[in-house]
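Scroll down for the structure; my scribbles are underneath it.
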Amino acid sequence: MTPSPLLLLLLPPLLLGAFPPAAAARGPPKMADKVVPRQVARLGRTVRLQCPVEGDPPPLTMWTKDGRTIHSGWSRFRVLPQGLKVKQVEREDAGVYVCKATNGFGSLSVNYTLVVLDDISPGKESLGPDSSSGGQEDPASQQWARPRFTQPSKMRRRVIARPVGSSVRLKCVASGHPRPDITWMKDDQALTRPEAAEPRKKKWTLSLKNLRPEDSGKYTCRVSNRAGAINATYKVDVIQRTRSKPVLTGTHPVNTTVDFGGTTSFQCKVRSDVKPVIQWLKRVEYGAEGRHNSTIDVGGQKFVVLPTGDVWSRPDGSYLNKLLITRARQDDAGMYICLGANTMGYSFRSAFLTVLPDPKPPGPPVASSSSATSLPWPVVIGIPAGAVFILGTLLLWLCQAQKKPCTPAPAPPLPGHRPPGTARDRSGDKDLPSLAALSAGPGVGLCEEHGSPAAPQHLLGPGPVAGPKLYPKLYTDIHTHTHTHSHTHSHVEGKVHQHIHYQC
């Protein structure tokens with residue numbers, strides 16, 4: 001039967017109400033409020049950049065500046081739950097800031113461009129102790145400017161670890177008026193290595209090659225001119241080849257279950273002396289080796305290498321990486337491995353992904369089956385009955401069309417002539433009809449077109465036993481009664497009962 005239109009209107013709200021609100025809200029992070037992409041800050045002031053994102057589960061936020069991750073080592077920067085706070089803004093703080101929020105269903109980025117304005121008028125800078133000496137000041141001194149670093153984004157990483165035999169470059173590119181000079185020191189002592197005496201155009205970079213353990217220490221660049229001085233310090237750790245292989249910390253990755261077509265993720269945290277290589281692998285199930293161009297062996301099993309995203313450096317010295325799986329299918333189910341490797345070896349940990357079956361498997365449209373069952377019962381019964389009636393009528397017509405016309409009755413026997421095949425009575429030697437004649441019966445000359453028997457010519461007629469291919473069956477019961485009188489003759493009384501059954 002056809003569903004009611006009212007039911008069709010009420011069905012979607014009922015289905016939506018069957019799911020709890022919490023389940024319906026789960027998904028990737030989304031914006032909770034609008035933001036102004038261009039932010040302006042005054043030199044020396046404090047600026048706050050908001051990251052108004054929300055999601056279920058709550059997302060993990062990470063801030064970057066010009067592509068470099070902001071961590072606790074940045075003294076003037078503080079990552080707060082509401083956003084990023086920058087104190088005592090400097091000129092080099094200008095740049096592109098990105099807040100990236102990630103949960104198990106996806107990620108969202110909020111971008112800012114920070115512009116730093118200098119509200120200090122030229123000529124009001126302190127000129128140093130020698131400014132109080134007498135004499136005529138150079139008119140150009142009114143435009144003097146203290147040195148400043150021009151590439152602060154390349155100086156964020158102040159703690160550097162390198163193995164023996166490697167190299168490192170320390171940069172302190174600066175500008176000012178007059179043109180500043182730079183001096184490199186190690187552990188507060190002037191450098192005597194040849195690397196410190198490079199050509200003028202490379203003086204802003206200190207290159208340390210073929211590192212040795214004694215190269216470990218604090219390296220400081222001091223940039224100065226008549227207007228002032230600035231400095232920056234790097235800590236270099238030269239380690240004797242990595243002492244241990246990476247270690248996977250925490251409980252991740254963990255076994256995960258996802259709905260068909262849903263989104264989920266695995267995460268992996270690796271602790272290593274140097275930045276490790278983190279790679280995700282998926283085990284190739286038996287019989288599916290031909291689907292992949294290349295596989296690798298790990299622990300005696302075959303795995304396929306999956307695309308791996310960025311490796312994030314955390315303030316505690318560990319490294320984090322996530323594997324995102326979208327639009328999960330049955331092929332995505334199986335064992336996944338997080339592999340962390342460095343020059344000393346590798347460590348791995350496995351987890352399983354379970355993909356729930358598709359609640360709506362492909363099949364024939366439901367409307368076709370419902371329309372077939374919605375027919376009224378009289379129609380369902382009447383169609384087969386009509387077909388049977390038409391078929392019976394056709395069969396009857398064919399049966400009548402194949403019947404032959406009436407056959408003429410046989411001629412009566414000549415008087416005094418004994419037909420062959422007659423028998424004698426035991427007592428009176430009277431003639432009796434033969435079984436063949438009786439079996440032929442008086443119905444030999446029946447007209448089959450009318451379906452009624454013709455009157456017999458003679459009970460013992462010798463007519464030939466022949467009939468059409470389609471003929472009525474004749475069953476004859478003969479009851480013979482013999483009465484013996486005192487006279488010498490016998491009387492035969494024959495009673496014939498004919499049962500005619502027409503069969504096509």
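Including glycine, each Cβ sits where the backbone N, Cα and C put it.
The following features are taken from Swiss-Prot:
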type: COMPBIAS; residues: 129-144; note: compositional bias 'Polar residues'
type: DISULFID; residues: C51-C99; note: disulfide bond
type: DISULFID; residues: C172-C221; note: disulfide bond
type: DISULFID; residues: C268-C338; note: disulfide bond
type: CARBOHYD; residues: N111; note: N-linked glycosylation site
type: CARBOHYD; residues: N231; note: N-linked glycosylation site
type: CARBOHYD; residues: N255; note: N-linked glycosylation site
type: CARBOHYD; residues: N293; note: N-linked glycosylation site
type: REGION; residues: 123-155; note: region 'Disordered'
type: REGION; residues: 407-435; note: region 'Disordered'
type: SIGNAL; residues: 1-24; note: signal peptide
type: TOPO_DOM; residues: 400-504; note: topological domain 'Cytoplasmic'
type: TRANSMEM; residues: 379-399; note: transmembrane segment
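The separation of C268 (disulfide bond) from N111 (N-linked glycosylation site), Cα to Cα, is 26 Å. Set side by side, the glycosylation sites N111, N231, N255 differ in how many other CB atoms lie within 10 angstroms of their CB, and the most is found at N231.
Rounded to a whole value, the Cα-Cα separation of N231 (N-linked glycosylation site) and C221 (disulfide bond) is 5 Å. A distance of 35 Å separates the Cα atom of C172 (disulfide bond) from that of C268 (disulfide bond). In this structure the C-alpha atoms belonging to C99 (disulfide bond) and C268 (disulfide bond) are separated by 21 Å. In this structure the C-alpha atoms belonging to C338 (disulfide bond) and N255 (N-linked glycosylation site) are separated by 13 Å. Here the CA atom of C268 (disulfide bond) lies 12 Å from the CA atom of N255 (N-linked glycosylation site).
A Cα-Cα distance of 25 Å separates C51 (disulfide bond) from C268 (disulfide bond). Between the CA atoms of C268 (disulfide bond) and C221 (disulfide bond) there is a gap of 38 Å. Most buried of the disulfide-bonded residues C99, C221, C268, judged by other Cβ atoms within 10 Å, is C268. Other C-beta atoms found within 10 angstroms of the C-beta of C338 (disulfide bond) number 25, with every protein chain shown included.
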